[in-house]
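Asker: For reference, the structure I am asking about is given below.
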Amino acid sequence: MAQRKGPDPPPPQRRILRTQTAGNLGEAMLDSEVVPSSLVEIAPILRVANEVEASNPRVAYLCRFYAFEKAHRLDPTSSGRGVRQFKTALLQRLERENETTLAGRQKSDAREMQSFYQHYYKKYIQALQNAADKADRAQLTKAYQTAAVLFEVLKAVNQTEDVEVADEILEAHTKVEEKSQIYVPYNILPLDPDSQNQAIMRFPEIQATVSALRNTRGLPWPAGHKKKLDEDMLDWLQTMFGFQKDNVSNQREHLILLLANVHIRQFPRPEQQPRLDDRALTIVMKKLFKNYKKWCKYLGRKSSLWLPTIQQEVQQRKLLYMGLYLLIWGEAANLRFLPECLCYIYHHMAFELYGMLAGSVSPMTGEHVKPAYGGEDEAFLQKVVTPIYKTIAKEAKRSRGGKSKHSEWRNYDDLNEYFWSIRCFRLGWPMRADADFFCQTAEELRLDRSENKPKTGDRWMGKVNFVEIRSFWHIFRSFDRMWSFYILSLQAMIIIAWNGSGKLSGIFQGDVFLKVLSIFITAAILKLAQAVLDIALSWKSRHSMSFHVKLRFIFKAVAAAIWVVLMPLTYAYSWKTPSGFAETIKNWFGGHQNSSPSFFIIVILIYLSPNMLSTLLFAFPFIRRYLERSDYKIVMLMMWWSQPRLYIGRGMHESALSLFKYTMFWVVLLISKLAFSFYAEIKPLVKPTKDIMRVHISVYRWHEFFPHAKSNMGVVIALWSPVILVYFMDTQIWYAIVSTLVGGLNGAFRRLGEIRTLGMLRSRFQSLPEAFNACLVPNEKSETPKKKGIMATFTRKFDQVPSSKDKEAARFAQMWNKIISSFREEDLISDREMELLLVPYWADRDLDLIRWPPFLLASKIPIALDMAKDSNGKDRELTKRLSVDSYMTCAVRECYASFKNLINFLVVGEREGQVINEIFSRIDEHIEKETLIKDLNLSALPDLYGQFVRLIEYLMENREEDKDQIVIVLLNMLEVVTRDIMDEEVPSMLESTHNGTYVKYDVMTPLHQQRKYFSQLRFPVYSQTEAWKEKIKRLHLLLTVKESAMDVPSNLEARRRLTFFSNSLFMEMPDAPKIRNMLSFSVLTPYYSEDVLFSIFGLEKQNEDGVSILFYLQKIFPDEWTNFLERVKCGSEEELRAREELEEELRLWASYRGQTLTKTVRGMMYYRKALELQAFLDMAKDEELMKGYKALELTSEDASKSGTSLWAQCQALADMKFTFVVSCQQYSVQKRSGDQRAKDILRLMTTYPSLRVAYIDEVEQTHKESYKGADEKIYYSALVKAAPQTKSMDSSESVQTLDQVIYRIKLPGPAILGEGKPENQNHSIIFTRGEGLQTIDMNQDNYMEEAFKMRNLLQEFLVKHGGVRTPTILGLREHIFTGSVSSLAWFMSNQENSFVTIGQRVLASPLKVRFHYGHPDVFDRLFHLTRGGVCKASKVINLSEDIFAGFNSTLREGNVTHHEYIQVGKGRDVGLNQISMFEAKIANGNGEQTLSRDLYRLGHRFDFFRMLSCYFTTIGFYFSTMLTVLTVYVFLYGRLYLVLSGLEEGLSNQKAFRSNMPLQAALASQSFVQIGFLMALPMMMEIGLERGFHNALIDFVLMQLQLASVFFTFQLGTKTHYYGRTLFHGGAEYRGTGRGFVVFHAKFAENYRFYSRSHFVKGIELMILLLVYQIFGHAYRGVVTYILITVSIWFMVVTWLFAPFLFNPSGFEWQKIVDDWTDWNKWIYNRGGIGVPPEKSWESWWEKEIGHLRHSGKRGIILEIVLALRFFIFQYGLVYQLSTFKQENQSLWIYGASWFVILFILLIVKGLGVGRQRFSTNFQLLFRIIKGFVFLTFLGLLITFLALRFLTPKDIFLCMLAFMPTGWGMLLIAQACKPLIQRLGFWSSVRTLARGYEILMGLLLFTPVAFLAWFPFVSEFQTRMLFNQAFSRGLQISRILGGQRKDRSSKNKE
């Protein structure tokens, strides 16, 4: 079935390794798709062979034989990869087939071919041609292609046999050839002459655009050009500029759809405007060329867009300009990442276009202007794109896969920014090969000289505008204003707290104020630091810098230096009697003059003048926007000083209202933060500090280097350091608090969570139809426009029942039912639930009331009956009770009305009809007079009800034999009514109907004269329509459902979706336009090699616990499994397995519950279904609307053939508005290697015919063609769709399902040069259409009900949202659907949920810093395709490629909004290792962002408050996380210093030192961050908002019980480690996290490898610090808060060491522990080497683990060594604590002696190591004796020391604590200096030492886990904690089953 091993196959390694070799060939040759890439031309022949095989095997054989011959011609030497195997397999098959087919042959091969060709032409092609309407053009296109191949084979066979081809056949072939030129596969628009009858080509807007494009009047065609039919402007551009044919076809369709969609919005009634509207052209042109015109203006060049003076030619010229841009863009490949490079190319080509059209003469040649790169085939690709592409590829190669420093190669941004300078025009046109853009590095030049290559250019240009240098200083440099603010605030607060009263009001005292003013000296120093940093970090871009930028750097540095001198000088003179530093300065400059504070203040005012100006501009953003865009020299000079002139980052400022909102947010936050810091941290710390500084300490426990130092500065630093770190970090906590409150309020105002439960939905259901129609149905013109805004949203009320009832009810019913039936298709609800939820499809004109879904009316009739029966004649009371429950009233009214209609329909007889009419009219009279209960006896109603139910049941079965029974039932009913209910009124009534003939007969009447009541009945009902069936079924439900439907639907996901959708209809959203007038859009999904569809083998494959994915899913989704069995009509799983045809359904069911491509495609194709239904509701006439969409769907097969039918029009509109492209990068490789995934992708294309797949096709050029040897590879960007299913000629059964290529555009080389995914998106973006582009990941999902809101969402692109510009990215809300899998998945989904809701809500409004975070956002497609695409692709720096799209959009004056009335599903990682990998990837990405130019520019170009928002919501979060961990380190190392030096003992009598409140406050803040407080706050607020605060509280408690704090503390370590390592050393890489279900146990060795450096090493270091502190720290045992602080750090240690085992499924199961230990031992002792993967050997893993140091540069290595020195502190401090040396003076020789001991031990270890290598083989006994002797000596010394009291057991423990860290520190330094150590020959010893440490760490971690595994209840507890209960139960069952199976099999063997 499936060839994949398990659910998660390994991704293909490299490109094509041995994929197409013998392993998967042989019989697989039947598959025409498994063809080596160099033989791709023979695939169509093999396809035809498969197609004709059923009808004529001999012809199929001849086709295959011809294919073999052609393959031999293409590659005679079989040099291509896999060609020899392919030919051999094909030949083997031909030998077999020749014998079998010869037997059945009646004529010669030539005759056989000829007769078959004639038969095919007449029977098949002519039949299709003669078919009415030629509607099935797809089959016709396919037939022409097949006929062309058959003729090719026929010709070859005839040549072989020397037979002439008959004239008749030649004639037929000529016709076929003509037609196959016209009938080519198309994407959306068939543009051939025969396509006029296609529905989409009938639209006036399409016709208008096509005819405008075909206006080629006056275009100068080259001489000798052959005219083609229907030639258009793009053909002319192709001829003149040499674009590729498929590129032209692709962009032709693109341009037509774009213009047609914009045109129709200008003219809602298309008939009004037969010509293409100029306004539409102007709109598209403005969007397309906005960036180009801005570029021209920036560089001071005139744009090349010259329009003619003759009005008639303007439209043609505009179309040519647009066509040219799109053709350049469509073929630009990787150049699309360089938008200004495209502007440069376009600038010159548009100028040439203008020259040709204006008939200009070239001054150089004297001839008419011609394009510089002529019009031959592929000229544009070869001569324009390829040279630039090669430069990109060369630079990418220099990056060495991201290992090189960023400063050593130019990334996409550098290459693009070359075109931001006027110098780019030096490149020339035609481009000069020796231009500096193309030039090489010094090394390359040297190589070229040595090889005597021609010179191509001088030195390498270097980086442009910015250098990404790996340094922490980027954090300060990018956000210098924020750091300056914090440093100056800290200084001011310390000064205020230190001086005077220490109160804030003290600032107004003269001296204090003057001291506070010293902050300006600090400000000047910080300015100088920034200026120096700017120069240092930009040094490597100096070659590309313009002179005025260099000048600015120098001026800035000089000015800052002057201020640094001037400020302290004037400050010193402002004091009468200065002290300290001020006094020194004053003495230097002769300080006898009088003081002058006012002079210092004047200097400050001058210093602040630029800031005052910027503050003024900050208050008036519109002035700032104008100035930044201005070209006036004076303005440019002024702006030049404040910030360098740059093409992007200008005019980003928001409106005054937005500015006010985010400024208020930050003002409140900063006041709170600074007040807390002052009162809780700084002020209380001043007094203890003063006290400590006064105390003199003379006794030290160690050798003190500065015994006479004053003020105890070491103690002061140890005290203040953690507090200051927390001061810089705690803004993140305040941000979490304030953003949670603001986000909660914002959400409440947006009406989130108004409908949270089913009960709330029921109570609001009556206003739902009106809300539906208000939001999802376009407004008619006559209606008043809706009010907008928050207040309007709150005051908006919906009528209980709509006024124009019929149509609105019908529309509501169609959409509501579509949603409910999608629930059923997804198996969220059962058949019964679906019946209860559906609203009648067919409108019943006879019922004058709205019919609610039965789940609202269920059990209402039986209850109403009881109430009526017990009412005792009190009418009013019953009415009152009915009026309280409106649904009951509806149910009663509907039942009565339906009963009336039904009886009137059934009874045909005249007299019975009169009686019935009379009864009904009497009842109606009673109802009107409200005397029903008083006058009638309703106690008999139950009898009537019973008879009515029986009648309905007979009607449902509708059998002829039941007619007599129905008569009896009707008579019974008549009797109940006349005798029991209307007893009093019967005689008069019957008399009136019998005209007084109501007499008693005494005589027997003959039979034929007897009157039989109800003899004439309309039964059985022969014209049983769907509407009739539905009506009867509904009536039966209303009457018989006795239990309440309160829990319908019972599935939690269905409830969540229904309530969210209903709630969203009451939120504010734009009005829905008609489908015809909506904005068109595409969805783009990048896919690499993840699961497409689970295979049966993958589903049933069991893990070690006997749990398969299928079993797991059945337990997780039990109700959905039951619903699935019901849907496929199976009673049990066994029955399902027995039916082979349901295997596919089972695979689909499982795949829809995983993170698979199938799930994503189904979700996104809901957009199309929604659009089709909405198009129907827009276009249907009243009669069709009342019949319903279902009726239309039932006739869809026939209707789609006719271009005029409503169904065809709906389909065509959906095509025009929506495209879905999946970019399957590896599809061709997978297809050629017979990979199951390729088949599954093809199956998706067949299921969804409008789905398109784009892929990169890699074709090997064969030796014969190649001019550079056999390895030449050609790359194409291709788009395919499913071909019509090929049917056998003699039967209608389909033979094969294939794809067909629509476009195939050649690329200049391999597309993947950077991060991979961005380039995968980029190559396929040319196949997308429309004005919006939604980027969707392959682990996302969509829902039918959400798809209905898409047209509303797209309208947001036309609204300014209170800002100054319309949105360029629409952010969408996500729902994380993987939360039910395990407790970890639940934490992760809650965390992610809060980010994608409340987090992004606050980012978008009020903060205005939402960017693009992964994928459900909708991009303004035209905006982004002209500005570099939807992500950035440079290797490593753009690791988080998505967020850079948001940065880019914002910097280019875009606007990102967030909308919460629509949601998309999203899968997340579910196991600890997967989650940690994801977190590591994000932390790595943030590390790279810190170095990036985008963040630097945002930090400098935003105003102060928006810059703060940007920092704290991007890298600030990660830096604060790192500071949190750093605080713990600094605190503990500070304590270590105090304890070991003896200072703590000396200060222990200081009360203030003991109860240190500020330290407690600081570390409490740190603990908040540590345990996930930052995550929990917004999470709780969002859950409270959407599900109620009591649920939030329950969830919070449950999360704590499931150890959420452990999880968040653990993730803290992950973020810190990977963010820090990326900043220090680089090594960031994409980490594939997998999308599987984690139901497996991770081995101990795997956990060790993954967490060793990030958690375990750090955890052990902290543990040693804590242990030392516990042993020697005395002072604070009693203080409660202090214990809490210590507990929180111990909690961190334990979490970092043991969380991976705690969250590991079956982590405490004894058998697993034993297996893990064996596996770990094997791994740790395995030798490494070349080709040994890290998973197999510790040595390989260790080498890889320290690999990052190789590329980290000198700075990184020095930093690593400096950080390693901290481990030597332990030894220095602890040696002096040994009991032997306590009495001695604290001499340095003691420390020296300890080093002697360490070196002695190391020498012995080294000696033993050498001995092992030299002697262990030949002198094994001798070596053993030596080893024994060494051991005994060591043991003897130890015993002697203990006996002589020279050492105590405590000393031994201390020695271990001292020497372990020292060894580790030496190891770290040795690793950093690896090249040096290797040269010295000590590397093997270092490796041995490292292995020893790893073994020790492994033991330390393994022992407690193994100990706990002894107790079975620990494992039980863990399973309960880790998985929800259903699965825990399942796990046990599965183990038992596994056991039983084993028992059975063993018995069978016996």
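Here the Cβ of each residue, glycine as well, is placed from N, Cα and C on the backbone.
Residues or ranges marked as topological domain 'Cytoplasmic' in Swiss-Prot (evidence: sequence analysis): 1-481, 527-552, 620-655, 735-1511, 1582-1591, 1677-1682, 1777-1787, 1916-1950. Residues or ranges marked as transmembrane segment by Swiss-Prot on the basis of sequence analysis: 482-502, 506-526, 553-573, 599-619, 714-734, 1512-1532, 1561-1581, 1656-1676, 1683-1703, 1756-1776, 1788-1808, 1895-1915 (among others). What Swiss-Prot records for 574-598, 677-713, 1533-1560, 1613-1655, 1704-1755, 1809-1827, 1873-1894 is topological domain 'Extracellular'.
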Asker: Apart from its near flanks, which chain residues at least 6 from the ends of the transmembrane segment (506-526) lie with a Cβ under 8 angstroms of it?
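Answerer: Here the qualifying positions are 480, 483-484, 487-488, 491-492, 495-496, 499-500, 560, 563-564, 566-568, 571, 574-575, 597, 600-601, 604, 607.
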Asker: Would the transmembrane segment (1895-1915) count as touching the transmembrane segment (1656-1676), i.e. at least 3 C-beta pairs under 8 angstroms with sequence separation of 6+?
Answerer: yes
Asker: Could you give the mean pLDDT over the topological domain 'Cytoplasmic' (1-481), rounded to a whole number?
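Answerer: Looking only at the topological domain 'Cytoplasmic' (1-481), pLDDT averages out to 83.
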Asker: Give me the stretch from 482-502, 1512-1532, 1683-1703, 1756-1776 with the greatest number of Cβ pairs under 8 Å to the transmembrane segment (1895-1915).
Answerer: 1683-1703
Asker: Can you tell me how the residues of the topological domain 'Extracellular' (1704-1755) break down into helix, strand and coil by DSSP?
Answerer: 32 helix, 0 strand, 20 coil
Asker: Count the residues of the topological domain 'Extracellular' (1613-1655) that DSSP assigns to helix (H, G, I), to strand (E, B) and to coil, and report the three numbers in that order.
Answerer: 25 helix, 0 strand, 18 coil
Asker: Short question: which residues 6 or more past the ends of the topological domain 'Cytoplasmic' (1582-1591) have a Cβ under 8 Å from it?
Answerer: 743-744, 747-748, 752-753, 756, 1390, 1393-1394, 1397-1398
Asker: Quickly jot the same-chain residues contacting the topological domain 'Extracellular' (1613-1655) by Cβ under 8 Å, restricted to those at least six beyond its ends, or write none.
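Answerer: That would be 7-8, 11, 402, 405, 470-472, 1090-1091, 1103-1105, 1107, 1109, 1112-1113, 1154-1156, 1315-1317, 1339, 1381-1382, 1436, 1439, 1467, 1469-1488, 1490-1491, 1518-1519, 1521-1522, 1524-1525, 1696-1697, 1699-1701, 1704-1707, 1709, 1712-1713, 1715-1717, 1719-1720, 1723-1724, 1734-1735, 1741, 1745, 1747-1749, 1751-1752, 1756, 1759-1760, 1894, 1897-1898, 1901-1902, 1905, 1927.
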Asker: State the non-local partners of the topological domain 'Extracellular' (677-713) in its own chain: residues 6+ outside its ends, Cβ under 8 Å from one of its Cβ atoms.
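Answerer: Distant contacts of the topological domain 'Extracellular' (677-713): 490, 493-494, 496-498, 502, 504, 719-720, 723, 726-727, 730, 1540-1543, 1545-1547, 1550, 1552-1553, 1556-1559, 1561-1562, 1772-1773, 1776-1777, 1786-1788, 1790-1791.
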Asker: Sequence-remote contacts (6 or more beyond its ends) of the topological domain 'Extracellular' (1873-1894), Cβ cut-off under 8 Å?
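Answerer: For the topological domain 'Extracellular' (1873-1894), the nonlocal Cβ contacts are 1652, 1724, 1738-1739, 1742, 1746, 1749-1750, 1757, 1761, 1802, 1805-1806, 1809, 1863-1864, 1866-1867.
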Asker: Mind checking which residues of the chain, 6+ beyond the ends of the topological domain 'Cytoplasmic' (527-552), have their Cβ under 8 Å from one of its Cβ atoms?
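Answerer: Hits for the topological domain 'Cytoplasmic' (527-552): 407, 418, 421, 423, 459, 461-467, 469, 471, 473-474, 476-477, 480, 484, 559-561, 563-564, 640-641, 644.
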Asker: Below 8 angstroms Cβ to Cβ, which residues of this chain, lying six or more residues outside the topological domain 'Cytoplasmic' (620-655), approach it?
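Answerer: Same-chain contacts beyond the ends: 295, 297-298, 300, 340, 417, 420, 465, 548-549, 552, 555, 610, 614, 1362-1364, 1408, 1448, 1450-1453, 1497-1498, 1500-1503, 1506.
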Asker: Report the DSSP secondary-structure composition of the topological domain 'Cytoplasmic' (1582-1591) as helix, strand and coil residue counts.
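Answerer: In the topological domain 'Cytoplasmic' (1582-1591), the DSSP-based counts are 9 helix, 0 strand, 1 coil.
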Asker: Reported in the order helix, strand, coil, what are the DSSP residue counts of the topological domain 'Cytoplasmic' (527-552)?
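Answerer: Looking at the topological domain 'Cytoplasmic' (527-552) with DSSP, the answer is 24 helix, 0 strand, 2 coil.
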